[in-house]
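These come from TrEMBL:
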SIGNAL    1-25  signal peptide
TRANSMEM  103-120  transmembrane segment
TRANSMEM  141-157  transmembrane segment
TRANSMEM  187-213  transmembrane segment
TRANSMEM  233-258  transmembrane segment
TRANSMEM  334-354  transmembrane segment
TRANSMEM  360-379  transmembrane segment
TRANSMEM  426-448  transmembrane segment
TRANSMEM  460-480  transmembrane segment
TRANSMEM  486-507  transmembrane segment
Amino acid sequence: MAAAAGGSGGCWFLALALGVSLLKCLLIPTYHSTDFEVHRNWLAITHNLPVSQWYYEATSEWTLDYPPFFAWFEFALSHVAKYFDQEMLVIQNLNYSSQATVFFQRLSVIFTDILFVYAAHECCRYVNGKRPGKELLEKPMFVLAVLLLWNFGLLIVDHIHFQYNGFLFGLMLLSVARLFQKRHLEGALLFAVLLHFKHIYIYVAPAYCVYLLRSYCFTENKADGSLKWSSFSFLRITLLGLIVCLVSALSLGPFAVLGQLPQVISRLFPFKRGLCHAYWAPNFWALYNAVDKTLAVVGIKYKFLDPEKIPKASMTGGLVQEFQHTVLPSVTPLATLICTFISILPSVFCLWFKPQGPRGFLQCLILCALSSFMFGWHVHEKAILLAILPLSLLSVESPKRAGIYLILTTTGHFSLFPLLFTPPEIATKILLMLLFTVYSFSSLRALFRKEGPLLNWLETIYLIELVPLEIFCEIVFPLTPWKLKFPFIPLLLTSVYCAVGITYAWLKLYVSVLTESVTVRQKAE
């Protein structure tokens with residue numbers, strides 16, 4: 001398989017990469033969100049101010065709230081940006097978006113995606129080759145390459161909505177590939193660097209910690225597959241510790257010297273923002289909020305509740321950041337932390353007591369990402385990509401995983417639709433998702449044609465119902481009188497309906513991982 005990825009296989013992979021790059025270029029003139037201004041502001045901050053002021057500057061509401069490595073990344077970009085338009089680097093030029101600025105920022109995302117392309121190539125080399133297929137289009141590595149490079153969610157979030165997730169996911173996938181190659185220290189280094197670029201990846205840190213401790217620091221197993229405690233290597237854990245400490249010192253050291261660590265941490269973890277983002281991410285808390293709203297409506301109708309005592313934003317503001325629960329208990333950051341911790345424990349225990357090598361690690365990583373998405377504090381809807389992209393690697397190796405992937409991907413991608421709400425982008429997002437979804441279903445079904453259907457009838461009906469939901473949200477609802485009184489209804493329906501599918505996919509994957517039979521092999525060495 002590795003040979004196929006190089007040599008003759010390199011031509012088709014290069015064609016896929018160039019094709020999607022061309023599509024990204026065509027998306028340059030499209031709508032961009034406030035994240036565009038966020039990154040322009042960060043360019044200006046890091047270019048004009050000394051390091052000591054980066055995490056204090058607050059001229060714009062979009063203050064710097066990413067870890068230091070990303071700040072240095074913006075600093076490096078700013079020195080290229082000045083050759084396109086100096087005005088974008090003026091801190092006071094809020095919401096500045098000249099054609100040169102748009103071109104530069106869009107192009108910077110496309111260029112940095114080179115790392116994601118390389119990481120996808122490395123991952124494709126380690127696809128299980130049990131189903132090689134007669135034709136190139138039916139080879140697992142080709143299908144995986146398309147699922148990664150042409151991922152719909154990544155396309156619209158980075159190249160329309162605007163963010164820099166591509167090269168960050170590239171770092172994560174490359175670290176996964178290095179662990180598959182038994183290059184543990186490189187994998188650990190890449191992940192440590194990634195954490196200091198964007199701290200959201202701390203969601204999957206438990207999977208890395210347990211896997212590296214179990215499979216790298218302990219060098220042998222007993223005959224029955226259980227851990228041989230005497231094989232613990234102090235040298236190896238020291239090397240891992242050095243990597244973590246050195247990367248952390250390089251990132252946070254300057255701010256520790258300046259006595260600014262508390263300020264940096266307060267920017268990275270803004271718990272005052274509230275339980276949910278402005279648009280409810282389709283997770284457990286979306287269902288919780290919906291139940292609370294339903295109970296409140298019923299309570300008012302049957303006079304169990306006094307309308308005047310109900311928080312105004314709770315009933316009329318719709319999807320706001322500061323969501324106050326009316327009937328159900330309000331949720332604190334500590335409560336979400338406990339729920340998240342409990343939800344990832346089974347996957348971590350499974351990785352420790354039922355080791356399955358790198359693929360077991362990958363399963364744990366996906367479950368950690370999903371569990372954190374389900375129960376985390378102030379989760380963004382875009383965080384679902386943290387589970388979708390790595391699950392792509394497993395989808396081409398197992399029909400069971402392929403079915404879960406189709407549910408999670410279709411539902412997760414649909415939940416991103418509200419990010420693109422301007423009329424010109426409606427056709428674009430629908431067309432791109434249709435193309436990616438049809439390819440995902442057809443290619444995975446062809447890959448496992450001898451295994452029977454990938455989805456049962458109930459799962460199929462659930463996914464088909466996304467079509468009338470989209471018709472209602474985009475066409476029917478704007479024509480109703482509800483639009484003025486309850487403008488948040490389409491967002492609420494999308495969030496709650498998708499939360500059901502994502503919760504189902506999470507539970508199905510968990511049950512599959514915990515119940516499947518495991519053949520534990522003793523290490524050769």
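In case you wondered, yes, glycine gets a Cβ from its N, Cα and C as well.
All TrEMBL annotations are machine predictions without curation.
Note that the structure is a prediction, hence the values are computed from the model and not measured.
As a quick check, the transmembrane segment (486-507) and the transmembrane segment (233-258) miss the bar of 3 or more Cβ pairs under 8 A, pairs 6 or more apart, so the two do not touch.
Sequence-distant contacts of the transmembrane segment (426-448), counting only residues of its own chain at least 6 positions beyond either end whose CB sits under 8 Å from a CB of the stretch, comprise 27, 30, 131, 133, 137-138, 140, 143, 146-147, 150-152, 155-156, 160, 395-396, 399, 402, 405-406, 409-410, 413-414, 417, 420, 454, 470, 474.
Counting only same-chain residues 6+ beyond the ends of the transmembrane segment (334-354), those with a CB under 8 A from a CB of the stretch are 206-207, 210-211, 214, 275, 284-285, 360-361, 363-364, 367-368, 371-372, 374-377, 510, 513-514, 518, 520. Remote same-chain residues near the transmembrane segment (360-379) are listed as 176, 179, 203-208, 210-211, 215, 270-271, 273-277, 281, 283-285, 321, 333, 336-337, 339-340, 343-344, 346-348, 350-351, 354, 386-387, 390-391, 393-394, 502-503, 505-506, 509-510, 513 (criterion: CB distance under 8 Å, separation of at least six residues from the stretch ends).
Beyond the transmembrane segment (141-157), the same-chain residues lying 6 or more positions past its ends with a Cβ under 8 Å from any Cβ of the stretch are 1, 4-5, 9, 12-13, 16-17, 20, 23-24, 27, 116-117, 120-121, 123-125, 127, 129, 163, 165-166, 169, 173, 382, 384-385, 388-389, 392-393, 395-396, 409, 412-413, 416, 419-420, 429, 432-433, 435-437, 439-440, 443-444, 447.
Residues 17, 21, 24-25, 27-28, 36, 39-40, 77, 80-81, 84-85, 88, 144-145, 148-149, 154, 158-159, 162-164, 166-167, 169-174, 177 of the same chain lie 6+ residues outside the transmembrane segment (103-120) yet bring a C-beta within less than 8 angstroms of a C-beta in it. Remote same-chain partners of the transmembrane segment (233-258), defined as residues 6 or more beyond its termini with a Cβ less than 8 Å from a stretch Cβ, comprise 51-52, 55, 67-69, 185, 188-189, 192-193, 196, 212-213, 216-219, 264.
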